[in-house]
Every structure is written in structure tokens, then in C-alpha cells.
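Novice: Below you will find the structure I want to go over with you.
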Amino acid sequence: MFNSFGNIFRLTSFGESHGPGVGGVIDGFPAGIKIDMDFVQQELNRRRPGQSLLTTSRKEPDTVEFLSGIFEGKSTGCPIGFVVWNKNQHSNDYENIKNLFRPSHADYTYMQKYGIRDYRGGGRSSARETISRVVAGALAKLALKQLGISVTAYTSQVGPVKLDKDYKSYNLDLIETNDVRCPDPEKAKEMAELIWKIKGEGDTIGGVVSCVIKGCPIGLGQPVFGKLHAALGNAMLSINAVKGFSYGQGFDSMELKGSEQNDVFYNNNGRVETKSNYSGGIQGGISNGQDIYFRVAFKPVATILMEQHTVNINGTDTTMKAKGRHDACVLPRAVPIVEAMAAMTILDYYLIDRTTQL
């Protein structure tokens, strides 16, 4: 299995949903960065289960314990090891389905590939693995902050309820004022009501997380196989339940003519800028200094509390009904995960760019 992400800034994660804990080892993190432990924990709290009535009721403190690489509050340049211990596993919730393949889960593919699987909460395929990403992403954010780079994500769509304007039209400071993490209070209320309704039916629903990266310098990314948008796409598509990635105008640009879609350059007091940003801040695979923005599509959570047809490990047709504690919609908790993967990617490519010229 490929359990590492990144080139210079590199995370190797470990752990399963119902094992003793999850964690990681970070290589390539610059020395001398002040580590704000409260901020790191705050980022984990944004991802933590049980934070609202809209999320899974699994209660986990998700307190991170750093094992190495930090001394007197600063990074040392050595590998940073960390772990978050699992405290609230209910493995018995999975006894009734341990010999069944849950529809649209990784159960069947894991069994076929490895000949063995951890059926308790999906094991390694569980979104609980993303804890390690959020910790690494929090550290990446701290480094990027020193460079004047910020990463902000928000829920822009839940099912049919979606925002009809781009990020510039909203006050992004409102994202954390509601459980859905949407910058539009009225739309957030509609989204929450829809999630609550779907949850009451024992079903699930998907949506879209949008993300904007501000302050990114010109020149990040490679022209052929290391395009920045490809790296961001790879990062986002590695997140559980993600089904699509679109940057800039994405598929909407297909409806425009070149004369409408081109980002025209102009001189803004000695600085070259573009009058529009249909490219999403990336041209030729390289950042152009404008805001980078993209959208990430999440499918409905596969575990539903309704009877479904499936097969058992012997291939016999049967039915199953899941039980336990599950999210009806991953979007609110996915926001910090999207931010984390984006921050890790940008920091990695910033460090790569420093090797371009002597």
C-alpha cells in the first residue's frame, strides 16, 4: 500500500478506525517553525466526530500527542512523529456485517486485493485515517502563514442546495459560525435542514467543498508531469468519498468562447495581474500569483441505515442493514481535510520550487 504523500514535505500515515490509534511521521518540515499546539488541536476539533447533531455520534477527544521533531515549541528539522489514540470504538456494531460486503464501500476490493480485511469501521479505508492529514496540514498551515499564504475551504453545496456566487461574494469569516461550515447563513440553514431530514430517513447525501488559496507566489508547479493543479487534484481525490475535482472554471469553461474565457493581463502599478481568473490561479501547470480556487465533489456516505441487497464472503446473495454511528453527510467535517491536503501540497511545491534555481 502507498501510505506516504508528498515529495519534500512528506507525510506517512498509519492506523485504523478501530485499532489503538492513528498517526503519522512527517519528513521535510522546515526547522525553526513555531508550533502553535492550540491551533493544531483546533484543526483536529474541526474534523472531530460528535461535534454537532449533524455528524456521527462517535465521541472522540482526538487529542494529538507529538513524539518527536519538536523542541521548546519549535520544529527541529527532524522527523515529526505523532499519534492520536482511539478512545470510543464500538466494534460490536460491525459483528452483524463482518461476513458481508457493504455496497459502495472498500470491503470487496480490499478482500480481493489483500485476501484479508478489517471489517471494524472499514479499518484502513475509514475516514478516521484523515486525522493524520489534518495534523500534517495544520503544521503546513503554520509554515505557510509565515509566507503570507492562507488556505480556506467551505461547504458550497449539499445535495440540491448550493451557493450561486463565487467565494469573493461571501464573508469567509462566517464559515465557522454554523455547523455546516457555509459562509451564507441562509443557505447554511437550508443545508442543515436537508441533512437532518436525510439523517432521519436513515439515508445519506453528498455535496461540494470549495477552497481558495490566497497569497500563493508565482512559479509553483512544473510544466509537464508536476503541474500544480494535477498535484492538488491528486491530493483531493485521495480523500475518502471524493468523486470529482474541478479548478478555476472547470467544466463550466466548456460553455465559453476563448474571447470570453481568456484571463487578460494588465499592469497594476507595476504588478502584472489578470482582469479575470477563469484559470483558477494556475496557467501551464504553474501558479500565476492570482487566487487559486477549486471545488471538490463528495459522494453520499456509503453506510446507510436502510436494508440493501449484497453478497456475503462466499458470493451468496443476501441483504444487510447497517447499524452504529455514521455521518449522514461528510461535508462539514470534510472542510478541514480539504484545507489540510491543499496546505500540504502548496508547502511541498513551495519547497520544490526552492530547488529550481541556484
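Glycine residues also receive a Cβ, built from the backbone N, Cα and C atoms like all the rest.
Heads up, here are the entries from Swiss-Prot:
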| type | residues | note |
| --- | --- | --- |
| BINDING | Arg47 | NADP(+) binding site |
| BINDING | Arg124, Ser125, Ser126, Asn240, Ala241, Gly284, Lys299, Pro300, Val301, Ala302, Thr303, Arg325 | FMN binding site |
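Show me how these features fit into the structure around them.
Specialist: Sequence-distant contacts of Arg47 (NADP(+) binding site), defined by Cβ-Cβ distance under 8 angstroms and a gap of at least six in the same chain, are Asp62, Thr130, Ile131, Val134, Arg333, Pro336, Ile337.
Over all protein chains present, the Cβ of Ala241 (FMN binding site) has 19 other Cβ atoms lying within 10 Å.
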Novice: Quick one: among the binding-site residues Arg124, Lys299, which has the most Cβ atoms sitting within 10 Å of its own Cβ?
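Specialist: For the binding-site residues Arg124, Lys299, the Cβ with the most other Cβ atoms within 10 Å is Arg124.
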Novice: Taking the residues Arg124, Ser125, Ser126, Asn240, Ala241, Gly284, Lys299, Pro300, Val301, Ala302, Thr303, Arg325 listed for FMN, what is the greatest CA to CA distance in Å, to the nearest whole number?
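Specialist: Overall maximum Cα spacing for these binding residues reaches 45 Å.
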